[in-house]
Amino acid sequence: MLLMMMSSEYVMKLGEGHAHVVPVTVVFVAVLCLCLVIGHFLRENRWVNESITAILIGCLAGTIILFISKGKSSHILRFDEEVFFIYLLPPIIFNAGFQVKKKQFFHNFFTIMLFGVVGVFISTTIISAGTMWLFPKFGFVGLTTRDYLGIGTIFSSTDTVCTLQVLHQDETPLLYSLVFGEGVVNDATSVVLFNTVQKLDVNRLHGRQAVHILWDFLYLFSTSTALGVSAGLLTAYILKGLYFGRHCTVREIALMVLMAYLSYMLAELLNLSGILTVFFCGIFMSHYAWHNTTESSKITTRYVFATMSFIAETFIFLYVGMDALDIEKWKLSKLRVWTLLVICTILIFLILLGRAAFVFPLSVLSNYANRNASRSSTVTLKHQVIIWWAGLMRGAVSIALAFKEFTHSGVTWDPVNATMVTTTVIVVLFSTISMMQVFGLLTKPLVSCLLPPHDAKIGDLSREPTISKEDMRLPLLSFEESAATNVQRAKDSLSMLLERPVHTIHHYWRRFDDAYMRPIFGGRRSNNSSS
């Protein structure tokens, strides 16, 4: 009898939950469709893109709900950072890796990793130290050392989507590759560093602790990348060996989707970085597995992955617009409007300063590494100004990390935490909407002024790497040649590596890829493989 009563109560709760979830889902999906329709009409507008459209519609929907609920709530759904990291972020990052132009990405890999990894450390340090010093001076107290370090990682995460809609891959391939590559690696690094900070014992900060942070970061970065590469190669090997397309192309697509998501969830299960894992999984699936599928699957996969990413991005920005009107957090935040504006101004200033502190010095280091490479991808001062300018916006990852740091499942009753969430939303909205208007007005003229069309085209094309037949010899030992020949080949390879490190590694990898990787995992051979 007791079991029957418990079962009936459980069924009633399920019924109540179903009755609440269905109408909420219907409304939210309808608003998503409205975003798509309005975004279609505004697709040619240089001032408004899909992100801004979703944010503005979210603000409008939040206002309507606020009136209907008589000022109690502005939400259709309550934000849950776990939902963001488990369901919304994976398709966005995977599609970024799958669609990336691999030739440009890996040719500029050293520079991208400098900006996306080392740059995050520099930016985090400046933002954390700056907020720790300036916030108390303006009456904002109550944050712990871990909170300040978290703030540094939160606001070091960039959102380059809006800027990439202004830059064109064909006109400025070098700039596009650097901005796009840095954006993805930057997000992954920010999340990895954020998770490392959460494990930090802030009561015992010393030199050994800094080394421990660096070691944890390198471990997470390398193992997460290795897991993503392994998942991509395994998928390619299965598709090449079993040739699913002979029976059903749907299985090919399903396998790629599920293996990508499995790699992400496995990384999260092992406390690694799912973002890095799924990004490199996307790159290697595109490089190998995609070429093992049928023609129909090749077309379908690109559109399926892009569609999933687009819907997830729209969902996120739609929620950000609604959260801007979260009346509960505004009431909890006891700071005066003037103080809140000062805090936002401090954060924006530190973002500007932190980005400048790594873009210009690291560009010099990148140029030094490419100093002897013929037609190398030199990052000129004009490029550096545009790269600095292009990474000033903050987006969905910053929002999610702020919720993870300062709320529990989207809820907080602490005034200080509520203030930080509200501040993060304001900075994201300001940088996305206001700066997008500035970007729309100034970025194209800035690119045209600093990089005239003729110079941009010649500059980027002239930097396409070339290498002689003699240099293209595979730097591996051969059993068919004498020991003296192998020793001389090793010396020549080492000399090239020291003189032109990035250039040499890039081209030797291409030869190794053609000779060993593609025959096993599939893929298209490079044009000069036969050289």
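Cβ from N, Cα, C; glycine included.
For 30-441, the entry in TrEMBL reads domain 'Cation/H+ exchanger transmembrane'.
Sequence annotations record features per position, and here TrEMBL assigns transmembrane segment to 20-42 (among others).
Residues or ranges marked as transmembrane segment by TrEMBL: 54-71 (among others).
Sequence annotations record features per position, and here TrEMBL assigns transmembrane segment to 83-100 (among others).
For 112-135 (among others), the entry in TrEMBL reads transmembrane segment. For the transmembrane segment (112-135), same-chain residues at least 6 beyond its ends with a Cβ under 8 Å from one of its own Cβ atoms are 105, 141, 143, 145, 148-149, 151-153, 155-156, 177-178, 181-186, 188-190, 193, 221, 343, 346-347, 349-351, 353-355, 357-359, 362, 365-366, 387.
For the transmembrane segment (217-239), same-chain residues at least 6 beyond its ends with a Cβ under 8 Å from one of its own Cβ atoms are 117, 188-189, 192-193, 195-196, 252, 255-256, 259-260, 262-263, 266-267, 270, 272-285, 287-289, 292-293, 520-523. According to TrEMBL, the feature transmembrane segment maps to 217-239 (among others).
As annotated by TrEMBL, transmembrane segment applies to 272-290 (among others).
With a cut-off of 8 Å between Cβ atoms, the residues of this chain six or more beyond the transmembrane segment (302-320) that come close are 28, 31-32, 35-36, 39, 50-51, 54-55, 57-58, 61, 77, 79, 84, 87-89, 91-92, 94-96, 98-99, 161, 253, 257, 282, 396, 399, 425, 428-429, 432. Residues or ranges marked as transmembrane segment in TrEMBL: 302-320 (among others).
The feature transmembrane segment is assigned by TrEMBL to 340-365 (among others).
What TrEMBL lists as transmembrane segment is 385-403 (among others).
TrEMBL lists 423-442 (among others) with the feature transmembrane segment.
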